[in-house]
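**Student:** I have a structure I would like to understand better, so I am pasting it below and will then ask my questions one at a time.
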Amino acid sequence: MTDSTRSLRNCLAPAKLNLFLHITGRRPNGYHDLQSVFQLLNWGDTLHFTLRDDGRVARVTDVPGVPEESDLVVRAANLLKTHTGTAHGVDIEIDKILPMGAGLGGGSSDAATTLLALNRLWQLDLPRAELQSLAVKLGADVPFFIFGKNAFAEGIGEELAEVQLPTRWFLVVTPRVHVPTAEIFSDELLTRDTKPVTIADFLAQQTSDAGWPDSFGRNDMQEVVTRKYAEVAQVVKWLYDVTPARMTGSGASVFAAFHSKHEAEAAKAKLPASWNGAVAESLNEHPLFTFAS
């Protein structure tokens, strides 16, 4: 990342994986209670921010299918501007590589990177807790990226506790299908009563010989998604013939973990040509973690 008084360039908005995802209940307002472990990846969209003196917030990159006014990045910048009353504006460029509807947190991570970067560029110096409170207004996953550490998540995803995870390499395969999260949450066959676990349960398993992402819990959404979307089911089956695999979030991406980059790249090389695969290393901390205190 490059840093100056008038711009911040090459700011990574890291993807996330759900190492497991349990749905433990449903609230009267329709929201679901979840338990999950969020894993940051050293892979994602890249954002560039340039200070404007006229107070305008402008996205200067076209993002197909996402109007500027509804883009979470623009909404995040305007939210921060309104909250603080700053006179500054910003031009935002986005190098978009994460697919939408993939369960990788792309839009949420972009929004969080925007809040963190503008906290620095606009010299606001807001504390992390205040940024997290703003982030909730943008989506349930955004506070995690502001939190900035791998985390055990509960509630609707906003109750976060840091977890230490070993370094791993992941192969992430994304079928050419968009899975609407709301559709999966509303499916009548979705499991909503998984017995709650504790962070101690997860950590004990991680330190055992079997401590691998596929060996704790499950993704409660995976059965519904693979029933509805044959492409996702095909990826899960193909990867399972190579190594244990699991869907992240509400899909459509599926991941497998490896001890080394070489192993992950070797598996990627065997993918069918029509599939989109990426190899990424785990992260322990958001690249912009120090932009909030």
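Placement of Cβ uses the backbone N, Cα and C atoms for every residue, glycine included.
This is the feature table in Swiss-Prot:
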- K16: active site (ACT_SITE)
- P99, M100, G101, A102, G103, L104, G105, G106, G107, S108, S109: ATP binding site (BINDING)
- D141: active site (ACT_SITE)
**Student:** Which of these binding-site residues is closest to K16 (active site) if you go by CA atoms: P99, G101, G103, G105, S109?
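**Tutor:** Among P99, G101, G103, G105, S109, G105.
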**Student:** How many Å separate the Cα atoms of G101 (ATP binding site) and D141 (active site)?
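**Tutor:** D141 (active site) has its Cα 14 Å from the Cα of G101 (ATP binding site).
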**Student:** List, in sequence order, the same-chain residues at least six positions removed whose CB sits under 8 Å from that of S109 (ATP binding site)?
**Tutor:** A13, P14, A15, K16, G44, D45, L98, D141, F145
**Student:** Applying a 10 Å Cβ distance cut-off over all chains shown, what neighbour count does K16 (active site) have?
**Tutor:** 26
**Student:** What three-state secondary structure does DSSP assign to G101 (ATP binding site)?
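**Tutor:** In the DSSP reduction, G101 (ATP binding site) maps to coil.
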**Student:** So for D141 (active site), how many other CB atoms are inside 10 Å of its CB?
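**Tutor:** A count of 24.
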**Student:** Among the binding-site residues G101, G103, G107, which residue has its Cβ surrounded by the fewest other Cβ atoms within 10 Å?
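**Tutor:** With the binding-site residues G101, G103, G107, fewest surrounding Cβ atoms within 10 Å: G101.
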**Student:** Residues near the ATP site, P99, M100, G101, A102, G103, L104, G105, G106, G107, S108, S109 excluded, by Cβ within 8 Å of the Cβ center?
**Tutor:** A15, L98, G249
**Student:** Just to verify: the residue among P99, G105 with the fewest other Cβ atoms within 10 Å, which of the binding-site residues is it?
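**Tutor:** Lowest Cβ count within 10 Å among the binding-site residues (P99, G105) is P99.
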**Student:** In terms of DSSP three-state secondary structure, what is the assignment for D141 (active site)?
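**Tutor:** In the DSSP reduction, D141 (active site) maps to coil.
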